[in-house]
């Protein structure tokens, strides 16, 4: 269904045309209109006035079928086509009107308008000149003269645009073409010429816009679809590239360049889709391998290299391989300093490496470009908590393990340190006190890091054994006394209070 506002707008644009229809309401007799045709014409006119374009069109189709030599039927059908934005369909009807009634200046004037919009300047000028020679009304004469002046200006601008293009002055050519296309809005060739200028000037997205318009204005425009596909490909948009090259092959399945390009895009698209599926499954090493294949498949297109590295950076970060993640993310950020995805992934890698200042800096930079991203906000808050925590007691440092250490590594480190710092090993009173404090920290670290829930709290910047951290202040940092840890074996897999442990 056509929107009422759209209908009003389109009818308004052909309003002078509709006035002519009113003048024609009594001319049916001149054409020898039979009763059925007259009925279709009158009903169609009422429906058109009411904005019911599809229904009006059906009536005028019936009128044309009933009397193929009735110029009024063709004229009114052309009016509906124009109101529906179907100028291509209107043009043959207007031509038929002129064939049937050569002195019908309104139809010739309207055809001149359409030809001018299509950029067919010589044909448009011919219509306007014939209008002036056919005893036009005062308004028709003024309109024809005005359009002749406009057409002459378009001829001059077109010549200047072509000269500028031939001289490789693409900026000047674009300026001239901009002015022409304000009038000759349906000129496919000029849009394609401007697209070439945009490509030369490094503005591929503007070129795509013109080429898309051209693909609709010109039938079977395989060349436009091919160029759109290659431009999307060079921009790194493999999905849209694949979609556009398929449109080319729908028009001509034997198109050599489109078919060759289709095979290349399809291969790349399959690799990327496979890699993304592996990422969803958490198979990061396999995904990295796929993206490395993407870079080998299309080394000549920079966009695929940088996008592949961006995803490899993400995989390393998620796979908790911080050194590799930082290296690859940094390569991306050297080229694209504001790449939010790479900033987030590198920040996560910095957290694993306990480089909190660097993580905070990356999160803050990312937030400048995407302030509403919840992941960035939460990451920044976590990094700030961990920085503050690192200035207090750090259980990972106490045991000498990395933040991504497995439970087995934590238990192994704990046992080694517990044996080393057990107070029973020290006879000197001062050394014993120092060992007691050290042993308490070691045991606390083991308790927190071997318990998944407590470890998660600590990883989020909260010390589960610190009253101040737990309650937001108001208490002293929690340290268990040596007495509370006695009877606790570093080799026990259960809780801390099994039996007294002695070294002999």
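Glycine residues also receive a Cβ, built from the backbone N, Cα and C atoms like all the rest.
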Subject >> Among ranges 337-355, 356-374, 375-393, whichever one Swiss-Prot labels region 'Flexible linker' >> reply: 375-393
Original post:
What is the three-state DSSP composition of the repeat 'TPR 9' (340-373), stated as helix, strand and coil residue counts?
Top reply: 27 helix, 0 strand, 7 coil
Subject >> For the repeat 'TPR 5' (189-221), sequence-distant contacts whose Cβ falls under 8 Å of one of its Cβ atoms, 6 or more beyond its ends >> reply: 119, 158, 161-162, 165, 168, 170-171, 173-174, 177-178, 180-181, 227-228, 231-232, 234-235, 247, 251-252
**OP:** Under 8 Å Cβ to Cβ from residue 248 (disulfide bond), same chain, six or more residues apart: give me those in sequence order, or none if nothing qualifies.
**Re:** 222, 225, 226, 229, 255, 258
Original post:
What is the Cβ neighbour count of residue 329 (disulfide bond) at a 10 Å cut-off, with all protein chains included?
Top reply: 30
Original post:
Quick one: DSSP breakdown of the repeat 'TPR 3' (105-138) into helix, strand and coil?
Top reply: 26 helix, 0 strand, 8 coil
Original post:
For the disulfide-bonded residues listed here, 258, 313, which shows the highest count of neighbouring CB atoms within 10 A?
Top reply: 313
Original post:
With DSSP, how much of the repeat 'TPR 2' (72-104) is helix, how much strand and how much coil, in residues?
Top reply: 26 helix, 0 strand, 7 coil
Original post:
List, by number or range, the same-chain residues at least 6 past the repeat 'TPR 6' (222-255) whose CB is under 8 A from its CB atoms?
Top reply: 192, 195, 199, 204-205, 207-208, 211-212, 214-215, 261-262, 265-266, 268-269, 272, 301, 303-304, 306-307
